[in-house]
Amino acid sequence: MRKTIEPISGIKAQLSVPGSKSITHRALMLAALADDESEIRNPLVADDTTITADALVQMGVGVQWKPGSVLVAPPSKRWSQPSEPILLGNSGTSTRLLLALAATGVGDFTFDGAPRLRQRPVKPLVSALEMLGARFDCTETDGFLPLRVIAHGLSGGKVLVDARQSGQFLSAVLMAAPCAGGEVTVEWLEPVASYPYVAMTLAMMGERGIDFRKDRANRVIVPAPQRYAGGRWTVEADCSSASYLWAAAALTGGDVLTHPLSPDSLQGDCRFLGILERMGCRVTWEEDGVRVVSSGELRPVDLDLNEMPDMVPTLAILAAFAGGVSRIRNVAHLRVKESDRLQAVSSELGKLGVPNRELPDGLEIRGGAATSPKVGIDPHDDHRIAMAFAVAGLRVGGVEIEDAEVVAKSFPTFWETFEKLKS
């Protein structure tokens, strides 16, 4: 599917944002570990979260989708033995968290995925879980899928996690730690990539009744065994998805209200609003959401985005239209996402005539020179590339997004929502 974007100015819209992908993943998995049934309200129903839910079903978890919610019934025995490999598509979050989840139970589980997922590393997670007694067999390439988990539960003890490439390695170990046979001391190497997602994991563990103590900046002590509590959970709206709508306001001199969102969000990507303010936008929190207003004139920025790497494609588009040179730093881990996001963003900016330089850990972008592309924008099978470059098409004509259906990974209603910017 190909989508042609028509330029527009002076957008004024009020838009609803779907549930958070990151929180939905974690809520499903913590519910699977719980001692009772859970109801998750406002879950994101998208390719990635469906992959997580389907994998849990293969492991014996009851998952029942309903309009506006999902019911999760944990199995009496952790876990059932799958008759076939558990296929995870291109979902890195599903992969990292489910490997740890499987290791908390008993059984033999094989995980595999799409060719790109087979290129995304899991070695740091495997090494950490092996310190707690888990056994793994990477059946083709060491440290990558396909991979067997030979599960006999986790012992207690000390574990050191190298999460400098992905905070998901640390989140996975922390989520599994309460299920171990004895107290687990989790330490990690710094800096952690995308640390706010780790903070989200800890907050959600606490909400489900798990006791832990963070006695150092890089250490958490988790008493074990503990049981997660079941119950009701409401998933907040996705700040990452909202960012494309905020960027649309910023780029077109618009006024966009997104809801339901709160300044108390667990999501680190909500801090992207502060970046928009630095670039010249006005941000106002209202009763049920946040409003972004812009004149369309943007200032360049020089930023370390290690803690919100998913915002890099969006920021790169804004930088392409800002008045000067912008730099995005400390995001080398973007090279092992759904695509090599640094290379992909740089390549597609070139199609818009935007001078840019790909750095080992980031991008340098000279704004103000964007022109209509002569060829389609290739999202590189990456949902965030497709959505970010759709925003660029609001400012310059002729932008066509190839393989536009890739947005279903995280924001299935993106194109319908995007159309509402014009109404």
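Using N, Cα and C of the backbone, Cβ positions are placed for all residues, glycine too.
Residues or ranges marked as active site, proton acceptor in Swiss-Prot: D310. D310 (active site, proton acceptor) falls within a helix when secondary structure is assigned with DSSP. Sequence-distant contacts of D310 (active site, proton acceptor), defined by Cβ-Cβ distance under 8 angstroms and a gap of at least six in the same chain, are S240, D269, R384.
Swiss-Prot lists K21, G92, R120, Q168, R341, R384, K409 with the feature phosphoenolpyruvate binding site, giving sequence analysis as the kind of evidence. If you draw a 10 Å sphere around the CB of K21 (phosphoenolpyruvate binding site), it holds 27 other CB atoms from the protein chains shown.
Annotation comment: Swiss-Prot describes K21, S22, R26, S166, Q168, S194, D310, K337 as 3-phosphoshikimate binding site. When Cβ atoms from all protein chains are considered, those within 10 Å of K337 (3-phosphoshikimate binding site) total 24, not counting its own.
Between G92 (phosphoenolpyruvate binding site) and R26 (3-phosphoshikimate binding site), the C-alpha separation comes to 13 Å.
On a Cα basis, S22 (3-phosphoshikimate binding site) lies 18 Å away from R120 (phosphoenolpyruvate binding site). The C-beta environment of R26 (3-phosphoshikimate binding site), restricted to residues of the same chain at least 6 apart in sequence and closer than 8 Å, consists of L97, S171, M175, M200, T201, M204.
Annotation: no binding-site residues among S166, S194, K337 have CA atoms within 10 angstroms of the CA of K21 (phosphoenolpyruvate binding site). Cβ-based crowding with a 10 Å cutoff singles out R384 as the top-ranked of the binding-site residues R120, R384, K409.
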